[in-house]
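Features of the protein shown, as given by TrEMBL:
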| type | residues | note |
| --- | --- | --- |
| DOMAIN | 1-367 | domain 'Major facilitator superfamily (MFS) profile' |
| TRANSMEM | 12-28 | transmembrane segment |
| TRANSMEM | 35-55 | transmembrane segment |
| TRANSMEM | 75-93 | transmembrane segment |
| TRANSMEM | 100-125 | transmembrane segment |
| TRANSMEM | 131-150 | transmembrane segment |
| TRANSMEM | 170-190 | transmembrane segment |
| TRANSMEM | 210-229 | transmembrane segment |
| TRANSMEM | 241-261 | transmembrane segment |
| TRANSMEM | 267-293 | transmembrane segment |
| TRANSMEM | 341-363 | transmembrane segment |
């Protein structure tokens, strides 16, 4: 299979998650988080085992067709257990959502760091199938443990999740979704483009692998830190904007951009810019789920399983959309213009998204200002009422329970 088709198979995975995650967010309140999580693990594990068997298929067309189908099924499983895992986090750790998600992202980062090396070792021992048999077997072996440990979480009979599109129509949710898409885009566009760029530095394949290892490892460490920071500061949009601005600067240096003075380009510059980019991506992405959830609740939705699953499906879908666009956009721009222009374009897009988010949330906070007395009042219903920034029709925000959001000093943090 050629490089282009291999890339299409991996992009197809992200495409399937993009489509199916909102669907599973819709059905989760009825079937329950545990059923969805366990079903997703089984589907994903079995798909990996079957994918390993493709090595025995000699017909090129059948191999290609089977690759798409099996990767698609694996993506369905991933959408199932990732959507339900978010619901577990919110239900079990409502006061530390970003911290727990940071821990999860840390383990994901460790997997991205160790996975390629471990896969290479298994491939050298047992050929194409062994890495997939091993991964699939581990996932399936974890199913009984998940059944035993995880509690049953299910929505009440009267709970009904809103549609994915209805949630996206809320302006605050749309802006954070845009940040999620582009944050994922920043991470994924480097997959097909960084290695050819590093060849200019005469690095060996092993050294290129260590560069990717550094990228994933720094992200893993700082995901934990930024998740904790997000819960402590409770200023989600501020962290997102700062992360995007820093990401933009690191992309300019990584290129290096043609706009920079021509300085000697060496490995230390690459490692520094990638490390900063990893930190900034963590800073951008860690507050996004809690930010989406807060915006959904302040738009009038209840804190219940149906809302959590809807937000979880939306987050997973938007992340996968960026994961799908990144390699395609990166590959096209790299072939046509080269890495310095590609990196500069990504930096400009990143800064544009940061500017849009900054202006939007600045005006939203101006509209929904309220003082600290309201935070300490007898009600916790701090939703946006009829505010246009939360999907209402009025630029004047209204809070129920006899509280008003008139011109006061403190700004809404979400």
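Don't overthink the numbers, they just go from 1 along the chain as shown.
Backbone N, Cα and C define each Cβ position, glycine as well.
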So, does the transmembrane segment (210-229) come close enough to the transmembrane segment (100-125) to give 3+ Cβ pairs below 8 Å, pairs being at least 6 apart in sequence?
yes
The transmembrane segment (241-261): which same-chain residues, six or more beyond its ends, come within Cβ distance under 8 Å?
179, 182-183, 186, 269-270, 272-274, 276-277, 279-285, 339-344, 346-348, 350-351, 353-354, 357-358, 361
Rounded mean pLDDT for the residues that make up the domain 'Major facilitator superfamily (MFS) profile' (1-367):
89
Long-range neighbours of the transmembrane segment (35-55), counting only residues six or more past its ends (CB under 8 A):
24, 27-28, 63, 66-67, 70-71, 73-74, 76-85, 88, 127-133, 135-140, 142-143, 146-147, 150
